[in-house]
Amino acid sequence: MRRAREAEMMKSQVLFPFLLSLFCGAISQQIRYTIPEELANGSRVGNLAKDLGLSVRELPTRKLRVSAEDYFNVSLESGDLLVNGRIDREKICGRKLECALEFETVTENPMNVFHVVVVIQDINDNAPRFVAKGIDLEICESALPGVKFSLDSAQDADVEGNSLKLYTINPNQYFSLSTKESPDGSKYPELLLEKPLDREHQSSHRLILTAMDGGDPPLSGTTHIWIRVTDANDNAPVFSQEVYRVSLQENVPWGTSVLRVMATDQDEGINAEITYAFLNSPISTSLFNLNPNTGDITTNGTLDFEETSRYVLSVEAKDGGVHTAHCNVQIEIVDENDNAPEVTFVSFSNQIPEDSDLGTVIALIKVRDKDSGQNGMVTCYIQEEVPFKLESTSKNYYKLVIAGALNREQTADYNVTIIATDKGKPALSSRTSITLHISDINDNAPVFHQASYVVHVSENNPPGASIAQVSASDPDLGPNGRVSYSILASDLEPRELLSYVSVSPQSGVVFAQRAFDHEQLRAFELTLQARDQGSPALSANVSLRVLVGDLNDNAPRVLYPALGPDGSALFDMVPRAAEPGYLVTKVVAVDADSGHNAWLSYHVLQASEPGLFSLGLRTGEVRTARALGDRDAARQRLLVAVRDGGQPPLSATATLHLIFADSLQEVLPDLSDRPEPSDPQTELQFYLVVALALISVLFLLAVILAIALRLRRSSSLDTEGCFQTGLCSKSGPGVPPNHSEGTLPYSYNLCVASHSAKTEFNFLNLTPEMAPPQDLLCDDPSMVVCASNEDHKIAYDPSLSSHQAPPNTDWRFSQAQRPGTSGSQNGDDTGTWPNNQFDTEMLQAMILASASEAADGSSTLGGGAGTMGLSARYGPQFTLQHVPDYRQNVYIPGSNATLTNAAGKRDGKAPAGGNGNKKKSGKKEKK
């Protein structure tokens with residue numbers, strides 16, 4: 001009943017398109033889908049309406065339908081082709097390698113017929129299965145070891161990789177199993193006797209036979225082997241031929257006789273009765289029948305040449321005993337013309353270097369048509385416009401070669417469709433698409449995203465911090481496009497470079513290896529290289545400039561006032577008659593920072609007389625705010641704080657000791673008048689010092705008197721000369737001894753410890769090499785002359801002044817060239833903003849120029865108008881090489897002038913020396 005219904009269905013599938021062809025001119029096109037078997041009902045195969053070029057809105061009017069309604073139907077809402085029934089590949093196609101359902105699709109208004117092919121792919125849904133639940137064997141006990149027994153093979157409805165692969169049995173001492181392959185490729189088990197049997201010892205054996213397929217995961221089936229040991233039968237059946245051969249058309253009807261096999265047995269009785277059976281039962285029983293008594297073989301199904309061109313059947317003849325014989329039957333199937341060409345890639349390389357030459361072979365292609373004659377002659381061509389072409393090498397062989405230039409950066413992949421067409425009527429064709437990947441070569445150098453890089457880094461950065469990142473790109477792939485970074489060059493020393501910066505080879509991040517110091521290094525430049533990993537490698541360079549920003553990490557440092565060589569504080573003398581605004585001294589401080597961080601301000605923290613002195617906010621100049629009163633103490637103390645402009649500000653303090661006196665003699669009693677405990681040794685030292693001072697004063701007075709008389713008689717001198725003794729009086733503000741050597745040839749410092757029971761005088765005498773040929777002190781007749789302790793003879797040669805060389809004009813500066821300082825500003829204490837570009841060498845040059853002017857006699861001690869007015873303490877010994885930017889802080893101790901001498905102008909006084917008032921006080925003391 002079922003067979004009749006299937007036959008009727010197949011008949012309708014044949015008649016339906018035939019009848020439709022009466023109304024349609026021809027099938028317009030063929031649509032092909034591929035699905036796995038056993039899809040659930042309602043599963044989507046594809047959008048049939050879209051593939052037919054129909055819109056969803058047209059479906060109701062076009063009445064789209066298919067002929068294979070048992071398996072598929074069409075959704076009129078979406079146009080999808082849906083599964084309508086169980087699709088079992090094994091049931092539909094059996095053991096055919098390629099299984100497809102072909103049916104027609106019909107549309108109306110207008111009527112069209114389309115041919116649809118749905119390829120059914122096999123899945124591993126069938127486990128190997130033995131037909132019989134058990135296998136019975138009778139083996140004579142006389143069988144010798146090495147005898148083989150062919151067993152019934154298992155059936156596996158799946159094909160190719162999911163089909164049957166091997167057999168196994170449980171371990172035992174008498175038998176082993178091997179898997180054999182028949183000429184048609186099917187596998188069957190063969191039992192091998194390993195050890196002689198003994199019926200009296202064991203009359204039967206039970207084994208478990210397992211068949212496994214090649215699926216993933218593999219499926220298996222088992223059966224039992226019952227072996228009964230019998231008595232000996234000494235003759236086995238013998239076939240008339242070992243191999244039977246026959247040819248058969250592929251479309252013969254069922255039941256067609258193929259041939260008869262025959263075997264004979266010389267035994268008699270039951271041992272001579274022969275029965276025939278197939279060994280490879282899955283193929284045999286599906287397509288062929290074997291009469292067990294006569295040996296006649298007939299067809300039992302449809303033979304297809306394209307599925308199998310040759311069948312090999314294994315036939316077993318068994319007598320009434322235990323002996324068997326085997327033969328093979330080879331059936332050749334005659335072909336008919338019903339196959340399209342097939343394209344096979346014999347050799348194929350889908351990775352093509354982009355620099356490949358024209359004519360390079362990419363693939364070797366073999367075309368095959370299972371048909372013969374004209375229907376089997378095939379031609380191939382490429383459908384797309386691609387830089388490739390096909391060249392015929394021999395019959396049925398083509399090679400795919402490069403026909404144009406390749407550039408991976410423009411096109412990385414090509415899809416090439418090869419169409420093969422036979423010469424049949426009508427012609428059949430097939431197409432195969434391949435994807436060709438263009439492999440990269442290193443033909444592009446890295447490119448930085450910027451032409452150059454500039455980064456700003458604050459000083460005192462943490463070591464190891466990232467300060468910049470450079471980035472370069474390379475359009476190549478893999479190692480050819482993998483960029484690594486390195487430092488190629490720098491304006492730093494090679495040894496210093498490793499301790500300053502490093503760069504990450506992978507990310508291009510530049511790291512600081514140490515904390516930067518703006519005062520030591522303000523900027524540096526690196527040359528970074530980006531290099532790919534190709535062979536040969538390509539690279540690119542870029543410059544990275546690192547600017548180190550300043551932080552307020554240096555507190556101001558007070559240069560003046562400073563402690564004496566023995567640690568004692570220095571004193572500055574102020575005339576008792578000093579008027580308000582008189583320049584007493586100047587606090588000189590420096591700050592190693594720059595910019596706003598080096599802009600210094602001066603503040604009075606503590607004063608013994610708060611209203612007696614004023615302090616310039618930016619200049620550091622200490623001036624008298626009012627005249628000295630009767631109730632004011634002669635000794636004054638100022639505690640000054642110097643702050644910079646940083647955030648937060650840093651500061652330093654300095655203590656000024658000021659004494660109101662008109663001469664040195666007035667200072668000594670005041671200095672020594674302290675309620676200290678009496679010490680005989682100290683008092684003795686004090687008297688010795690006082691005696692020495694008195695002797696020196698008397699000697700100096702005599703020398704000054706002699707020189708004054710001599711100067712009156714000398715009219716050739718432009719200025720009044722000074723004596724060439726080893727000491728001269730300086731009653732102005734004292735400076736540290738290490739700053740006393742300079743352009744002035746005669747100076748001494750009075751250093752008295754303010755908190756000591758001793759009164760000490762420290763004299764700094766000139767060496768003969770430093771003695772100038774002319775007195776550099778200005779024409780002040782009231783100058784107090786001090787006698788030298790080393791030489792009581794005054795050796796003065798007037799001719800020296802006439803041979804004094806004029807100063808080099810290269811060292812002179814015009815008023816515009818001289819740098820402005822805080823003292824050159826107007827009366828407000830706002831100061832000037834420090835210039836960060838101030839050059840230390842220019843300051844040194846100005847100091848030397850001042851020294852040259854002083855030696856020439858054209859400059860006063862305090863500095864006249866248009867001169868620099870630098871004190872001797874800022875001579876070559878104190879060059880301020882450590883001060884990069886302190887113009888506002890340059891002050892000439894003992895003078896009321898700064899670099900531009902504008903302070904004197906602001907006070908409305910002549911630009912005379914800072915010691916002028918003090919010298920007049922000395923003159924009064926002399927009188």
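The backbone N, Cα and C atoms fix where each Cβ goes, and this holds for glycine too.
The annotation domain 'Cadherin 1' is assigned in Swiss-Prot to 29-130 on the grounds of sequence analysis. As a whole-number mean, the pLDDT of the domain 'Cadherin 1' (29-130) in this prediction is 87.
Sequence-distant neighbours of Asn41 (N-linked glycosylation site) (same chain, six or more apart, CB under 8 Å from its CB) are Leu82, Val83, Asn84, Gly85, Arg86, listed in sequence order. Taken from Swiss-Prot, the feature N-linked glycosylation site covers Asn41 (among others).
When secondary structure is read from DSSP and collapsed to three states, Asn73 (N-linked glycosylation site) falls in the strand class. In the structure as shown, the Cβ atom of Asn73 (N-linked glycosylation site) sits within 10 Å of 18 other Cβ atoms. Swiss-Prot lists Asn73 (among others) with the feature N-linked glycosylation site, giving sequence analysis as the kind of evidence.
The N-linked glycosylation site annotation in Swiss-Prot covers Asn300 (among others) and rests on sequence analysis. According to DSSP, Asn300 (N-linked glycosylation site) sits in a coil region rather than a helix or strand. Counting every protein chain shown, 15 other Cβ atoms lie within 10 Å of the Cβ of Asn300 (N-linked glycosylation site).
What Swiss-Prot records for Asn415 (among others) is N-linked glycosylation site, and it gives sequence analysis as the kind of evidence. Around Asn415 (N-linked glycosylation site), taking its Cβ as the centre, 10 other Cβ atoms fall within 10 Å, counting all chains. Look at Asn415 (N-linked glycosylation site): DSSP puts it in a strand.
Classification of Asn541 (N-linked glycosylation site) by DSSP places it within a strand. According to Swiss-Prot, the N-linked glycosylation site annotation covers Asn541 (among others), on the basis of sequence analysis.
The transmembrane segment feature in Swiss-Prot is assigned to 688-708; the stated evidence is sequence analysis.
Swiss-Prot lists 709-927 with the feature topological domain 'Cytoplasmic'.
Put simply, Asn73 (N-linked glycosylation site) is 33 Å from Asn300 (N-linked glycosylation site) when counted between their Cα atoms.
Taking the C-alpha positions, the distance from Asn415 (N-linked glycosylation site) to Asn73 (N-linked glycosylation site) comes to 33 Å. According to DSSP, Asn41 (N-linked glycosylation site) is assigned to coil rather than to any helix or strand. Rounded to a whole number, the C-alpha distance linking Asn541 (N-linked glycosylation site) with Asn73 (N-linked glycosylation site) is 67 angstrom. Other C-beta atoms found within 10 angstroms of the C-beta of Asn541 (N-linked glycosylation site) number 14, with every protein chain shown included. Residue counts of the domain 'Cadherin 1' (29-130) by helix, strand and coil are 16 helix, 40 strand, 46 coil (DSSP-based).
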